[in-house]
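**Student:** First the structure, which I've put down as structure tokens, then a few questions once you've had a look.
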Amino acid sequence: MAAVKSSLPRRQFDVVVVGAGGAGMRCSLQLANAGLSVAVLSKVFPTRSHTVAAQGGIGASLGNMSEDNWYWHMYDTVKGSDWLGDQDAIEFMCREAPNAVYELEHFGMPFDRNPDGTIYQRPFGGHTANFGEKPVQRACAAADRTGHALLHTLYQRNVASRTQFFVEWMALDLIRNDAGDVLGVTALEMETGEIYIFEAKTTVIATGGAGRIWAASTNAFINTGDGMGMAARAGIPMMDMEFWQFHPTGVAGAGVLITEGVRGEGGILLNKDGERFMERYAPTLKDLAPRDFISRCMDQEIKEGRGCGPDGAYVHLKLDHLGADVINKRLPSILEIGHKFANVDATKEPIPVVPTIHYQMGGIPCNYHGQVTVWDGKEAQIVNGLYAIGECSATSVHGANRLGTNSLLDLIVFGRAAGNHIVAAHPERQRSHQPLPQASVDFSLDRVNKLESRTKGERTQVVGNEIRNAMQQHCGVFRTMASLKEGVNKIDALAEKVDNIAFQDKSKVFNTARIEALELSNMIEVARSTIHSAAARTESRGAHALDDFPTRDDDNWIKHTLWYSKGNRLDYKPVQMQPLTVESFPPKTRTF
Ligand SMILES: Cc1cc2nc3c(=O)[nH]c(=O)nc-3n(C[C@H](O)[C@H](O)[C@H](O)COP(=O)(O)OP(=O)(O)OC[C@H]3O[C@@H](n4cnc5c(N)ncnc54)[C@H](O)[C@@H]3O)c2cc1C
């Protein structure tokens, strides 16, 4: 294999982490503290990653305010996942959760406190005591700014540990040799427009979610699924991409998130008749049933003409009865969001809300050490030198539906676990960097050069809007086979347009036109994987609710979907039903 030409500038590190959100920075901290040389690349300043927007809390069975244990947490997570989560990874996460949270506390994370000094915990959807008996207080919170507190704590710790940050750098492609090993990434320095090679013995993808492929989303604009695009182009499948979570309470018309913590504190959903309709659908958990379930109930209320407002297009989230004191203390950002995005004073009036795309359960397949795997028909084979953590990964702890507060937990537990695993494996990888494969680097450069040289073609904004509208129209809270198939045709046609994007401004310095065009090439991979996977799953499970197939089909569908970009190919692999040390939870009907 020819070694790569030396013309591109190169940097060498033990580990390159792509992404400076909660997952990336928890991992890099572990690596830097162990003395490895670590580069963290981020499109934005680290504390602007989407983790900063997380509001409600991080789940851990500390039992500070009501009796709790990790096995109950595990049960809730398996049930929440609608039995598509891997029970080994779920056990690992729930068991590790208390320690991971105490560690954050010791790092200096400013949690809210109880009068006795312990961490404050609020109830959250789907989290219960004694296997579904009643809601439990498990969400550790810093007011309604938990992600903000978490991300700033991790950033400061990383600075102290001398992690090297490359801020406003966009990773473009994985560098993968013929043996399938990953040897680093190509990346664009936004300030200069120059492309560099980052050579690494280990590469970690921590690029977050891709909620921006929908028109109405709670996600940050940078959430364009870059890591998934990179993996898909390098031949790695995307797993369970049909499962996307709609959060029940996005501000109607704006999409901005109102945390589930509002309902955790006692807020309730009302229809136009002032009825607390969740009592009808979920007699035990009511407004604290899991998100997939509540989103469908809201959709139902709206469809059946019980929505609020002039067009009956939303429902009301009432919280004024909590009193101004509680709202000011526990939910200050919600008060502000109500003012700014819905023009209501939440201490006096309800907030208009609709289900809004929020979170992807699927992503890059990996095991609970964070190692990326590909399925060979019999076993999961490890991709040497590549890890994936955080929202872009499918470990899979969330299966078909994630419980609130389990994402921040997943970042911390698996960010740390991946870091530890890389450190433990490092002596073996101590040898010098492997020769870089020319073909893989050329592939990435060709991609950019084609874009650079094209002067006539499709416009990024126009095609981007078409993708977002198609996803919104064909892949919503409720899906039908006919509409999904139409969506498949539209997205496949749009993929051809993405291959023909052109922009006029060819300047190098901070050229956002170039960056947006490159992001679009990642978004389309996510959209394709989503719509193709969804159109093939002929059942309803978790967040995938299909009118034509309204029930869960355990005989045929307890399996993970794998989608390959090349050839638009689908494959399946079994769900890991066997936990690590405890008894498994066999499938049963989900009632709340
Ligand atoms: C509004 C909102 C509220 C939420 N509230 C909660 C909550 O209360 N509890 C909970 O558990 N979960 C919550 N979630 C979900 C949770 O916050 C996210 O799933 C999680 O923060 C994702 O973290 P991450 O580290 O995977 O990625 P992110 O925090 O999204 O970070 C991604 C990083 O990757 C970088 N990146 C991306 N592409 C590239 C590229 N090509 N090159 C270089 N860098 C790149 C970005 O710059 C960024 O640094 C919430 C989500 C939203 C949107």
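Just so you know, glycine gets a Cβ as well, placed from its N, Cα and C.
Where the annotation comes from TrEMBL, it is an automatic prediction and has not been curated.
Got these off TrEMBL a minute ago, pasting:
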ACT_SITE  Arg291  active site, proton acceptor
BINDING   19-24, 42-57, Asp226, Glu391, 407-408  FAD binding site
BINDING   His247, Thr259, His358, Arg402  substrate binding site
DOMAIN    14-408  domain 'FAD-dependent oxidoreductase 2 FAD-binding'
MOD_RES   His50  tele-8alpha-FAD histidine
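What's the neighbourhood like for these features in this structure?
**Tutor:** The C-beta environment of Arg291 (active site, proton acceptor), restricted to residues of the same chain at least 6 apart in sequence and closer than 8 Å, consists of Gly125, Gly126, Gln245, Phe246, His247, Pro248, Glu260, His358, Asn401, Arg402, Leu403, Gly404, Ala543.
Cβ-based neighbour count (10 Å, all protein chains) for Ala23 (FAD binding site) stands at 35.
Note on His247 (substrate binding site): other Cβ atoms within 10 Å of its Cβ, all shown chains, come to 25.
Non-local contacts of His50 (tele-8alpha-FAD histidine) by the CB criterion (under 8 A, 6+ apart in sequence, same chain) comprise Gly21, Gly208, Gly209, Asn219, Ala220, Ile222, Asn223.
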**Student:** Determine which residues of the same chain, besides His247, Thr259, His358, Arg402, have their CB within 8 A of the center of the CB atoms at the recorded substrate site, and list them by sequence.
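**Tutor:** Going along the sequence, the neighbours come out as Thr218, Gln245, Pro248, Leu257, Glu260, Arg291, Tyr359, Gly404.
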**Student:** Could you give the mean pLDDT over the domain 'FAD-dependent oxidoreductase 2 FAD-binding' (14-408), rounded to a whole number?
**Tutor:** 96
**Student:** Of Arg48, His358, Arg402, the binding-site residues given in the record, which has the fewest other CB atoms within 10 A of its CB?
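**Tutor:** Among the binding-site residues Arg48, His358, Arg402, the sparsest Cβ neighbourhood within 10 Å belongs to Arg48.
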**Student:** Quick one: give me the count of other CB atoms within 10 A of the CB of Gly56 (FAD binding site).
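**Tutor:** So the number of other Cβ atoms within 10 Å of Gly56 (FAD binding site) is 27.
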**Student:** Tell me the Cβ contacts of Val52 (FAD binding site) under 8 Å, same chain only and six or more apart in sequence, or just say none.
**Tutor:** Gly147, His148, Leu151, His152
